[in-house]
Amino acid sequence: MDHQLLPVRLEARVNVRNFIRQQLKSFYISSGYKIFHKNGSFYSAQGNISDEELEHYTFSDDLKELISSNQANGLRASHIGILSTPESQISGTAHSYPFRLYPLVDQMGLVFFQPHQGVVAGIYRGYWATFLGFVVLVMLFSLLIYFWVKNLERNARLLSENAAEINDLFEKQRLLLQESKGFIYFQNQYFKFTGVGEEVKEIFGYTQTEFMLNFKDFLDADTLEDYGEIFQQAIADRKESLTYEFFIRHKDGSLRRARTFERLLYDEKGTFSGVVGLCSDISSRYAVEEAMKLGEERLRSVLHALPDIIFIYDQDAVFIDYYVQDESLLLSPAEQSLGKSIQEVLPAPLNEKVMRTFKKTLKTGKLQTFELESDLPIGKRIFETRFFMLDANHVISMARDITGQKLWEKGLREAVDAAEQASRAKSTFLASMSHEIRTPMNGLLGVLSLFEKTPLTEQQRQYLQIIRESGISLKDIISDVLDYSKIESGKIELHPSSFQIREEIAGIFRMFSRQAEEKQVQMEFKIAGTLPETLIADKEKLRQVLVNLIGNGLKFSRANGFLRLRLTCEPIVGQNVVLLFEVEDTGIGIPSDQIKKLTEPFVQAENASAGGTGLGLAISKRLIELMGGDLEIKSELGKGSVFMFSIFAQAAAEETYTRIDVPKHYRGNGFYGYGGKISTAFTRRGG
């Protein structure tokens, strides 16, 4: 059978533009345009520009003609031209590549348009990249050179430092040996010296040769024997080091305490091969240690002799030592407490109180003291117990039986309470009786004044004068007793008021003017510095003090003497001031051993010839203290006395301080006089 071949027709449809686009994906131009040219029309051959957008991209007419001509003639060529875009006109080079797709008859080609600016920029970018790469390479090379040089410098510096450090170590070793009074030595396996440091002469007085050759002669036989046994045992035990202390005779004949630290050397087979040692003179330290041991023994003897109950504990409150004289004061024998804690030895709640104190001592490191009551077989006892740190790891407690002291204190308190109660009763009685006596006494003195106005003989007037003076003296005594009773019972209080200080002092001087005239004693008042015109203080109590001191001064002053009152005002805070008074007289003076006694109640100086209760200065001192001051007395027998005191006061609000400038040729400012005349004038020196 004949087979007849039948014609077969294959048809393929190709989207040329898509085909071209797929083929041109591998062609890259950095800043250009890919365009497909077909039968005189231009289409986009790159994905970022569509055909519709390409309508707004047009070549210049001359460039179009050249591309079309080259396309028709099948020529590849490059032409310079203009591509107009919606934003601008781009100058560049168009590279055209015509081609045919058989059996298609269409004229087709590719056009690559490369803007000149992109080409130049690419060239420059290439240059810059090359330049930057070169710069980076140079920098890397420079860094390598730099680090290499720095490494050389560092190595050189380290080498220099190491050399200096080695020299320094040798110097420090030499100084250390000098300070520690030591020297290095070497011995071979036969225990013969092969080398000794030069410091041996300074330490023991021997030269190096003398020491190496005659070392055994400087030690006693017992030391040599003992050292030899210890050394041989160390070698047998393969010890690496050995320490030994012994006495050695100095070249001057004295015994010195020495200490050796030896490093035992062995070869690779473990055979002993020699010694490197350090020998030091420890005589000073040895003497200190021996003194400390002796001190510890003495301390133990003292502790054993103390009546206190002493226990020593570790940080866990465990008893580790004790010193007890009387074990009847313990709940259990002291020896049974060793190794046990406070919680185990003491019963509750006593152990809780002691443990709190123990822990507080550990925490603060400070002494803790408390009283402890304990019911013992011998009865109830009270102990004063102190806990404190013995050292960083131990606490010590010391308990003392104060039962007798507590009983004595209780009796003393009861006695003091009884005495105070009796004193208060006495003060109350004295105050009451003084008041009861003073009332009729005032009446008696008043009647005497009336009686003096009646016709009397001279003898009767003398009798009345004696009665008046005795009555006034008795009245003063009663007033002193009443005032002191008030002070002693705490019933006296301050009553501040405003007053003119100069007027008050003038009034006091007028009160004593007749007495001063009779004794021919000149009275003076001087002010130093500034003084407010008006002060606020307890006027009556200040007056009472001044009257007492001035009265005493006149009482004991000699004829033709003087009594001088000085007043100094010192401002402090705000309106507050301190008033400083000095009352100086030319009296008989007071022995130094009796000055302190004068301010005690019912006490007078032994050489006092005038009468009185002896309460005046005691009352004055208490009043001055009540006003915030203090009384001081300076005196010399036969040369007069100075009574100084200070009080706190206030300047009246409306007053201001004024300075009184006094010419140097005046004696003072204020007033002076006697014989009933008080003057505010100034007196010239010598006139």
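Placed from the backbone N, Cα and C atoms, the Cβ positions cover glycine too.
What TrEMBL says about a protein is an automatic prediction, not a curated fact.
Not measured: the values here are computed from a predicted model.
For the domain 'PAC' (242-294), the model's pLDDT averages out at 89. Under the heading domain 'PAC', TrEMBL lists 242-294.
Taken from TrEMBL, the feature domain 'PAS' covers 295-365.
Per TrEMBL, domain 'Histidine kinase' is recorded for 432-651.
The transmembrane segment annotation in TrEMBL covers 127-149.
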Sort the residues of the domain 'PAC' (242-294) into helix, strand and coil with DSSP and give the three counts.
-> 12 helix, 30 strand, 11 coil
Looking only at the domain 'PAS' (295-365), what are its DSSP counts of helix, strand and coil residues?
-> 37 helix, 12 strand, 22 coil
